[in-house]
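**Q** Sending over a structure as structure tokens; questions will come in a sec.
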Amino acid sequence: MGLGIRAPAVENNNFEIKSGLLNIIENNKYHGLATEDPFDHLDKFDSYCGLSKTNGVSEDALKLRLFPFSLGDKARQWEKSLPSDSITTWDECKEAFLDKFFSISRTAKIRNEISGFQQRNLESFSEAWERFKGYQAHCPHHGFSKESLLSTFYRGAIPQCRNRLDTASNGFFLGRNEVDAEELIENMAKSDSVYSEDHDRVNRSDDQQTKKELKSLEEKLDLLLANKAKMDQMKSVGEQQQNKVAEIKKIDGLEGREEVCFINNNETWYRKEPNFQYQNNYQQKPLYNNQQGGYQSNQPTQARGSFSQAQVPSSTTESMFKQILETQGKFAKDIGDEFKAVHAKIDGTYSDLNNKYMQLASHVKALESQVASLPSSSKQPMGTLPGKVITGFC
């Protein structure tokens, strides 16, 4: 035992601390950590000491002897550092213990919770009263008088609760004495707790219905999103098909054709066909030969090597369209022939595979017939190998 805590003498010579009680206290030590509650430790210690009672042994004598065994680490070091014989009563011990391990900031925080108490939204009267009492229990040294505490609770309650307190007090709750006022609050809290339980059951039923409705809405939303995804996919496929059609049109020369006529140095007209570059003879085709000098002589000299500004004769235009149509027809015919060749090849491959399948099926059927025709005596027992080769077995 440290020198700082001095327990009073015991007159009973047969006094002895039971080992079971000592083990319980030592297994529930307070170490002085920030996560530990010093008030909770004192409450537990009081309950443990209440398990043992001996005639002729005072509360101070028992608790001051046992309390050092309930401390560990930082708390034990604090107890050893106390001035000699500085604590001689249990009240002094509790006060010194709380002053050390219940920090000033922690005390100030709970004092603020008490002095600024306000009943919360959707908080019942009984719940508010229990919360207010909890603040006092966590900080017994808060320093507020009973009258001040009751007045603080009354002013922090919602108007409906204040009206109920005033109605039960002939119009003025704060005119009651401390004992009557606290008793009235306790009775109203008990009555309110019964009502609150029924109210909670109704709320739970409403909550379940709300959850069902929310679940139904979520399912509908998921269905709408799934349908939207399908529509987007169909739209994407449609756009891809349109792009393919546009590409086919470009390949066939139905879209984006550029016709450019120019005169080379030999006074010969040429046409640029960028979409027909499959063979060299499609790249540049002379529309008029050198014998058409009558028409070429009418062109200005500066037109050579540049784009012609003259109008093409109607006969030349007809020839150009005719050649375009012939080229398209030839290209379409070539594509059709290629498709026919591919289909023919596929048909031939399918026919060949079908024939092989029929031959294989016929061969398997023949094997089954041979196995079925074997005599029963030639069959080997399960799990053994034949002693000799079976002739005639394919």
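Note: Cβ is positioned from N, Cα and C throughout, glycine not excepted.
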**Q** Given the ranges 232-258, 286-312, which one is assigned the annotation region 'Disordered' in TrEMBL?
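**A** TrEMBL lists region 'Disordered' for residues 286-312.
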**Q** Could you give the number of helix, strand and coil residues in the domain 'Retrotransposon gag' (65-156) as assigned by DSSP?
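**A** Going through the domain 'Retrotransposon gag' (65-156) residue by residue, I get 62 helix, 2 strand, 28 coil.
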